[in-house]
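Database features, via Swiss-Prot:
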type: BINDING; residues: 54, 55, 104, 132, 135, 257, 258; note: carbamoyl phosphate binding site
type: BINDING; residues: 82, 165, 218; note: L-aspartate binding site
């Protein structure tokens, strides 16, 4: 069991933490965990202020399968809509003595602020364009199951880098293990403030040459003021089988979802390891709840 309470950012993790969590996740995938009800009599509260299918469902399934009592608060009918401050809402929920609060919110960095007001384990399920640590852990697990080692792998992250919490968490996590990180995006969607990044490209074909791993990102129009046409974007940055031929023959294509077929990826390359990312995401969230369980 980890002595630290919260998983807010990749910087909260050590190499040992990542290896222990992924080891647990592999055990859950293989159904090798001895105590499947390790969270019996524990309470998990899910607070999702942004839409979610994969992350919310997998946290719910993970917690219930481990024996926890799960409360997913419907935000649209919560006291937030009566004008309650988020800080006061968190303090109120904390007073009910849950064991975990899992939060997704549109504001970057807000979860780090809220951590000051809770006594339980706080897990970041995505905060604005800041971080999404459990998605990065799931992606790390997928890559580790397909490649012998992360060190020196050429990983290309392509798409809306500017608004992507998945990109930020993956860059930080994969760099911990020595991956070579390359970004591909239009100039308006790139973020150059990553000291961990090895190269930045504005051409997809140039960027994915000899790539081992290609991670595609959704255009996050909900976080944009304006954007290029979808047809133009796909022509320049959408991945299809012809563009994929520039990568290594055994390259894996990843996408955190939801997929927009015909925008960032064509149907002929969409069904690779993307569903495995979902499957492994569930195992990772079981492992995270297990690893951060209260005494």
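Including glycine, each Cβ sits where the backbone N, Cα and C put it.
A map of Swiss-Prot features onto the structure.
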{"residue": "54", "record": "carbamoyl phosphate binding site", "contacts (Cβ under 8 Å, 6+ apart)": "256, 257, 258, 278, 281"}
{"residue": "55", "record": "carbamoyl phosphate binding site", "contacts (Cβ under 8 Å, 6+ apart)": "48, 104, 125, 126, 132, 134, 135, 281"}
{"residue": "82", "record": "L-aspartate binding site", "contacts (Cβ under 8 Å, 6+ apart)": "none"}
{"residue": "165", "record": "L-aspartate binding site", "contacts (Cβ under 8 Å, 6+ apart)": "108, 126, 127, 128, 129, 130, 131, 132, 135"}
{"residue": "218", "record": "L-aspartate binding site", "contacts (Cβ under 8 Å, 6+ apart)": "159, 160, 255, 256, 257, 258, 259, 260, 263, 264"}
All-chain count of other Cβ atoms within 10 Å of residue 258 (carbamoyl phosphate binding site): 10
Additional residues around carbamoyl phosphate, ordered along the sequence, whose Cβ is within 8 Å of the centroid of 54, 55, 104, 132, 135, 257, 258: 52, 53, 125, 126, 166, 256, 281
Number of Cβ atoms other than its own within 10 Å, given for residue 132 (carbamoyl phosphate binding site): 27
Cβ neighbours of residue 257 (carbamoyl phosphate binding site) where a neighbour is any other Cβ within 10 Å: 17
Extent of the L-aspartate binding site in Å [max Cα distance among 82, 165, 218]: 33
In three-state DSSP terms, the structure that residue 132 (carbamoyl phosphate binding site) belongs to: coil
Secondary-structure category, per DSSP, in which residue 54 (carbamoyl phosphate binding site) falls: helix
In three-state DSSP terms, the structure that residue 104 (carbamoyl phosphate binding site) belongs to: strand
